[in-house]
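Novice: Just dropping this structure here.
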Amino acid sequence: MAKIIAINAGSSSLKFQLLAMPEETVIAKGLVERIGLKKSIFTIEANGQQHELTEDIPDHAAAVKLLLKDLTGRGIIASLEEIEGIGHRVVHGGEKFNDSVVITDEVLQGIEEVSELAPLHNPANITGIKAFKEVLPNVPAVAVFDTAFHQTMPESAFLYSLPYEYYEKYGIRKYGFHGTSHKYVTHRAAELMETPIEELRILSCHLGNGASIAAVKGGKSIDTSMGFTPLAGVTMGTRSGNIDPALIPYIMEKTGQSVEEVVATLNKKSGLLGITGFSSDLRDIEAAAKEGDERAQVALDVFASRIHKYVGSYAARMGGLDAIVFTAGIGENSATIRERVLKGLSFMGVDVDLEKNNVRGKEAFIEKAGAPVKIIVIPTNEEVMIARDTVRLTS
């Protein structure tokens with residue numbers, strides 16, 4: 001039994017899971033928050049118990065030391081030698097990385113080179129990698145990229161209709177995100193359908209505060225809704241999704257905002273929050289809509305209709321559809337959104353069973369009996385995907 005740590009490092013946080021492989025069982029999981037600030041918070045859950053500790057954690061290396069000390073101190077692992085691999089989530093791999101990869105100095109340099117494509121995330125991911133390298137220098141580490149799964153997209157999907165030299169010189173193209181999640185749920189769908197993934201055309205809907213749709217044909221991503229950044233595509237919690245690019249100078253002119261301020265508005269004050277004016281949380285919006293709040297109802301309509309359009313579009317891209325998968329916070333838990341997204345698609349063989357659809361947070365087939373297209377709710381598990389890739393590349 002191999003023990004693998006899956007890591008997701010943020011600028012002031014470190015999310016972790018210790019997994020037993022190949023069983024894929026979680027031994028411990030937790031989070032370090034407020035790294036570099038006063039009163040950092042360390043939370044760990046193991047053996048059915050949760051422990052919380054508040055102390056100053058100056059940097060990610062200190063967070064890693066505290067985590068490892070806690071794992072051994074509580075007897076969760078007998079010694080650090082039990083850890084056979086570390087898998088790091090890295091948001092952006094650019095065109096350089098089309099698969100997960102064992103981290104070497106050269107790889108780390110490559111991740112740093114593409115950091116300008118994800119300035120908010122990659123530097124934090126790199127900090128996490130370096131922190132573990134400092135504390136566990138002899139344990140192999142693997143980088144698992146959110147963008148890698150979408151590197152199979154053809155040029156017809158990833159190129160923008162801009163001067164071609166922008167792509168050649170600056171790497172301006174569609175990259176797509178949530179790749180680790182889309183990969184996990186589409187492979188899981190194939191298992192549940194007892195059909196080789198090579199034979200399937202799957203539409204994957206990762207719907208959380210960030211949301212993206214992927215067309216996965218034969219196990220490969222051939223198109224996805226997010227673009228050069230995670231701002232593109234469908235309406236999200238606080239992100240606008242696709243808009244007319246000419247709106248940016250227009251908004252600047254009307255509001256007096258700078259380009260940076262407009263981009264911040266598109267990222268943090270738009271989407272469901274922008275339309276409702278009160279929340280980016282779908283649960284709040286559904287509750288308000290039930291009580292007759294018109295803007296909440298409009299927000300739900302906009303959110304669902306943007307996703308609905310991709311179902312038809314990507315079914316056309318794949319030459320048909322065998323399954324639709326819903327995952328992430330909203331996809332797994334909101335029967336209302338699933339129903340709205342799938343409404344009126346029976347002409348395509350997509351027919352949701354309203355009774356079966358009344359499911360939250362667990363695997364379930366929710367299509368009507370005999371419907372040609374399977375509709376499946378699958379809770380995502382990016383950590384398991386990270387651990388699988390770590391084992392695949394280090395064993």
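Think of each number as a place in line: the chain as shown, counted from 1.
The backbone N, Cα and C atoms fix where each Cβ goes, and this holds for glycine too.
So Swiss-Prot lists these for the protein:
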type	residues	note
ACT_SITE	Asp146	active site, proton donor/acceptor
BINDING	Asn8, Glu382	Mg(2+) binding site
BINDING	Lys15, His206, Leu207, Gly208, Asn209, Gly210, Asp281, Leu282, Arg283, Gly329, Ile330, Gly331, Glu332, Asn333	ATP binding site
BINDING	Arg89	substrate binding site
SITE	His178	site 'Transition state stabilizer'
SITE	Arg239	site 'Transition state stabilizer'
Novice: Measuring Cα to Cα, how far is Arg89 (substrate binding site) from Asp146 (active site, proton donor/acceptor) in Å?
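Specialist: On Cα coordinates alone, these residues lie 7 Å apart.
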Novice: Tell me which residues of the chain lie with their Cβ under 8 angstroms from that of Glu382 (Mg(2+) binding site), as long as they are six or more apart in sequence?
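Specialist: Listed in sequence order, they are Ala6, Asn8, Arg89, Thr180, Ser181, Tyr184.
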Novice: In Å, rounded, how far does the Cα of His178 (site 'Transition state stabilizer') sit from the Cα of Asn209 (ATP binding site)?
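Specialist: With the alpha carbons as reference points, the distance is 12 Å.
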Novice: Highest CB neighbour count within 10 A among the recorded positions Arg89, Arg239, Arg283?
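Specialist: When each Cβ's neighbours within 10 Å are tallied, Arg239 leads.
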Novice: Does anything in the same chain, at least 6 positions from Asn209 (ATP binding site), have a Cβ under 8 Å from its Cβ, and if so what?
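Specialist: Spatial neighbours, sequence-distant, of Asn209 (ATP binding site): Met236, Gly237, Thr238, Ser280, Gly329.
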Novice: Once near-sequence residues are set aside, which residues in the chain of Leu207 (ATP binding site), 6 or more away, have Cβ atoms under 8 Å from its Cβ?
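Specialist: Result: Ile307, Phe326, Thr327, Ala328, Gly329, Ile330, Gly331, Ser334, Ile337.
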Novice: Please identify which of Lys15, His178 has the densest Cβ environment, defined as other Cβ atoms within 10 Å, among these recorded positions.
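Specialist: Counting Cβ neighbours within 10 Å, the top one is His178.
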